[in-house]
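Contents: one structure, followed by commentary.
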Amino acid sequence: MASDEIVRNLISREEVMGNLISTASSSVRSPLHDVLCSHVRTIVDSVDKKAVSRKHEDVRRNISSEELQMLINAYPEYAVSSSACESGTHSMAACFRFLETEYLLDMVPMKETFVYDIGGNWFSHMKFRADREIHCCCPILSMRDSERLETRMMAMQKYMRGSKDKPLRLLSRYQNILREQAARTTAFMAGEVNAGVLDGDVFCENTFQDCVRRVPEGFLKTAIAVHSIYDIKVEEFASALKRKGITQAYGCFLFPPAVLIGQKEGILPSVDGHYLVENGRIKFFFANDPNAGYSHDLKDYLKYVEKTYVDIEDGVFAIELMQMRGDTMFFKITDVTAAMYHMKYRGMKRDETFKCIPLLKNSSVVVPLFSWDNRSLKITSGLLPRTLVEQGAAFIMKNKEKDLNVAVLKNYLSAVNNSYIFNGSQVRDGVKIAPDLISKLAVTLYLREKVYRQRENSIISYFEQEMLHDPNLKAMFGDFLWFVPNTLSSVWKNMRKSLMEWFGYAEFDLTTFDICDPVLYVEIVDRYKIIQKGRIPLGEFFDCHEECENYELREKEKNDLAVKMAQKVTGTVTECEKDLGPLVQPIKEILVQLVMPNLVRALCRPRSPTSPLDLKSIPGSTPSHSSSDSEHSMTEEASCTIAGSVPTWEIATRKDLTFQRIDEDMSRRTGMPPRPKVTSSYNMNARAEFLYYQLCSVICERAQILSVIEDFRQNLIFSDKVAVPLNARFYSFQSLRPGWVFKTPSHSEVGHSYAVHFDFKTIGTDLEESLAFCRMVPISWDKSGKYIATTPHFPERHGYYVICDNTKLCNNWLIYNKLVDVYALVADRPLRFELIDGVPGCGKSTMILNSCDIRREVVVGEGRNATDDLRERFKRKKNLNSKTANHRVRTLDSLLLAEGPCVPQADRFHFDEALKVHYGAIMFCADKLGASEILAQGDRAQLPMICRVEGIELQFQSPDYTKTIINPKLRSYRIPGDVAFYLSAKEFYKVKGIPQKVITSNSVKRSLYARGETTPERFVSLLDVPVRKDTHYLTFLQAEKESLMSHLIPKGVKKESISTIHEAQGGTYENVILVRLQRTPNEIYPGGPRSAPYIVVGTSRHTKTFTYCSVTDDKLLLDIADVGGIAHTPIRTFESHIV
């Protein structure tokens, strides 16, 4: 026991621990080395784990490692880093402001909370916090405010005009800001400005006191102020909070504590700033900032520190100083009006508080410093490091009287300035003191030691004399006899001091050399007399029922799991449970078969008075559809009746094809079904083939999803670095914390209407044997405007879910199930089919606009963008309201999915780009509309309908041209003269086998150019693609498009400016560059068996210039660039094609 005590005493000694650490770190073979390394590793691992769980904040500024460490120390709750991608003045102040904003926002709730940010950076909120309701009050009260507004406007324009992807909600706010600024400008010019005009969505130009922004109903209201209350009187601030119904607000401001004890100027070390008190105002400025500083009223500024109670007309607020971080004071202001009522009820008449403001740490001391000023001695006080002063005092105490020397002391102080000796080594610590202060400190310590030695000698002499003789009567009674009252003594001292000054003598105060501790805090007392007034604030109710249910469910799952594990370990399973064990799985399967179809049917049924339960009626759910493929109107509510449906494999394995609705089960793969039998009616054959094509598409898409699930099961998808087919994302309920596996999808990657729900029952070699179930289920997403949440509402909380490209809309499945019923009732009937066969740019859409009686006829389009454009043109020209336009101008998918009153009726309808879709789909449109006449717009020379299912051949995808009325249009308003000549020379357009001449109204004569291996301006790889922002880029293949996007988007080209030829059909652009990046032959490349339509579409999208860039000299390049090609043909040859 004694030895243990000795060891503990030794270890507690600083020099022993230093030697131990030195030995352990220098001697690798020492056992202490392993112990030290293990301990350090444990500490590092602990720090890493804590850092992972912390919120990551990138301050972005270019700062030093010491400054970054200061930020980390000030905000330990964040994992602070810097990408060093920005630079500017007062960088540390900017970094602290960013972290202060995050810290204040973390103090307030997120869900259904409206935050006023007084004077906040609205663009920063708009860019980084688009998911929160934050409104900034940014009035223009000075020239600097106007400059700050324009700076933020420029930053917004720079970001919005950049190449990065942006959420849709950001675009909406961007447009609103520009509209609001235009309205404000108009109001100022007209002299009709008021608070309503200055209001805005993202920010307003009113002061916080005058802000009129309406808060969404049911939202909690709060406010933050990041360095913005300096010029707002605390009484006005509290009154504004009361008017807006804000019960608690948070803020922060720069605060040098020394200003409370009268220090007129000083530094703000954390932000590298300074403050100066002058003429009743306090000024702040920064060391490395040449810009204008900030000046504020000192009295109003100090009220935020000195006051605890803020008395206003209709209530009382209390200010709580929470903490100091760096040079910033955080505060909280709370509505405490309710306390007045409570205290009045209890008979209390007043309330009193005190608070202590910390000033300085105990690491410094106040030292008197001496200097000459105009031939007189000047004494000042300095705040110097305690360590340096104590080291200097200890050093001079060791010297003998004859060795006392100011020069030696200065030498020593200079050597130990901001350092001390530890374990035989010099350790740097603190801030280095200036040389002039070192010199003054040496004089002070020298004089102090002289005076102290004199005092010590006097004390010793006194006691020596007293101890040499015995006390007598005089010694005993002398003090009593010569007693002088304090009043007379004081008078004598004053007379003595005056006489000495009269004769030129000075009385020296021996306490002048004393070194004192500085003031550590300032105590502030505040009192308030209880007066009952104002109204008591009430809080907003937030419905957190779902979160509570989820918590209880997780707790129940934990308890059930613990009980089952304990029963399995102890073997305490009851006999009844053992007997029921074999029956559990069959019972589950029966319940699924009985309950799930009814549930899915109810969720998918179209909304009607007889169907009270649908997806919209579920609280908190919002059906979502793709913004590129769905319609705005009510017909987009896709439904799928499950009753009477069968799995795909049951239809596919039959000998003869019988169309029947498909259910959601996809737990088995299957081959393609047999083709439908051919009848004598071309139109009926087309209908049957379109249904067959839709069925094959569903089978193919589901097989692709099962392949992705198979990759997931075999751990081929094991991290977010792996490129997942179909852009699939997996969500798991297998753990206690459900969530996305590997990677959370971004806001642009969500919005799927369906997901595949699956789980595994065994670990087998075959996927179908391993699956417990696998089915398609509807899901919903929370929406706010165009913003979509990243986690959907799943119908069940177990197993796995996968969303991918094939579950975005599932239109093939929905359309097939809709048309099965239509096909069963349809009969062959005569239809008049007229085709307007026009060259590119002949005005087919304009012809629809001019010839269609939209109130009696219907317009159907193949693509969403073209149909939307056509609908808007109808609304402008025919003065249609939105409801009528949405009802009678439809996309193909929208019409085929519609039911009941959502389907318009018409004897005749127009079909834009009819040859890009299957002829059977057009027949079904006629059946649903009840039409007998079809006026179709198309171009037989351009791209036809493309079969997306491999392994099947379509025979009835085009109209029966022998029974079709064909009306050719050979005049274009788009293509230049050389393109018209080229289309005519290559005989792309014929009428009854006779080549036709294509003409154009475009005055541009030469537009076709080419670059290849042998051209003067060579093109051999992707790196040779010219970068132009006013150009649209085309490719033949999707793989080429992706390569082009990865090369051009980082260089400023927009994503929308790159597409395949098939995607660009119907589009018009001024300048076009067509790129071929693969040398290997392909049937759609120029010269291939299917290349003609691609050449026609690719060369006819432009109005000014077309450049073909190919890595090989194919047919199109030779047609343009070869000797005798278009590029060398005289311009006068093209003039005959221009009218």
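A Cβ is built for glycine as well, from the same backbone N, Cα and C atoms used for every other residue.
For reference, Swiss-Prot has these:
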type	residues	note
REGION	60-438	region 'Methyltransferase'
DOMAIN	81-305	domain 'Alphavirus-like MT'
REGION	611-637	region 'Disordered'
COMPBIAS	617-627	compositional bias 'Low complexity'
DOMAIN	805-969	domain '(+)RNA virus helicase ATP-binding'
REGION	835-1109	region 'Helicase'
BINDING	Gly838, Val839, Pro840, Gly841, Cys842, Gly843, Lys844, Ser845	ATP binding site
DOMAIN	970-1139	domain '(+)RNA virus helicase C-terminal'
Open item on the list: So if I measure Cβ to Cβ from Val839 (ATP binding site) and keep only same-chain residues at least 6 apart in sequence, which ones fall under 8 Å?
Closed with: Asp939, Ala941, Lys969, Leu970, Arg971, Ser972, Ile975, Leu983, Tyr989, Val998, Ser1100
Task: Listed in sequence order, residues with CB under 8 A of Gly841 (ATP binding site) and six or more positions away - done: Ser972, Tyr973, Arg974, Ile975, Thr1000, Thr1068, Ser1100
- [ ] Using a 10 Å cut-off, grab the number of neighbouring Cβ atoms around the Cβ of Gly843 (ATP binding site), all chains included.
- [x] 18
Task: Neighbouring C-beta atoms (10 Å sphere around the C-beta of Gly838 (ATP binding site)) - done: 23
Open item on the list: Is it possible to get the count of other C-beta atoms within 10 angstroms of the C-beta of Pro840 (ATP binding site)?
Closed with: 25
Open item on the list: Around the ATP site formed by Gly838, Val839, Pro840, Gly841, Cys842, Gly843, Lys844, Ser845, which additional residues qualify by having Cβ within 8 Å of the site's Cβ center?
Closed with: Asp939, Lys969, Ser972, Tyr973, Arg974
Open item on the list: I'd like the number of other C-beta atoms within 10 A of the C-beta of Cys842 (ATP binding site), please.
Closed with: 23
Open item on the list: These are the binding-site residues: Lys844, Ser845. Which one scores highest on other Cβ atoms within 10 Å?
Closed with: Lys844
Open item on the list: Taking DSSP as the reference, which of helix, strand or coil describes Gly838 (ATP binding site)?
Closed with: strand
Task: Across the domain 'Alphavirus-like MT' (81-305), average pLDDT on the 0 to 100 scale - done: 90
TODO: Could you find out if DSSP has Gly843 (ATP binding site) as helix, strand or coil?
DONE: coil
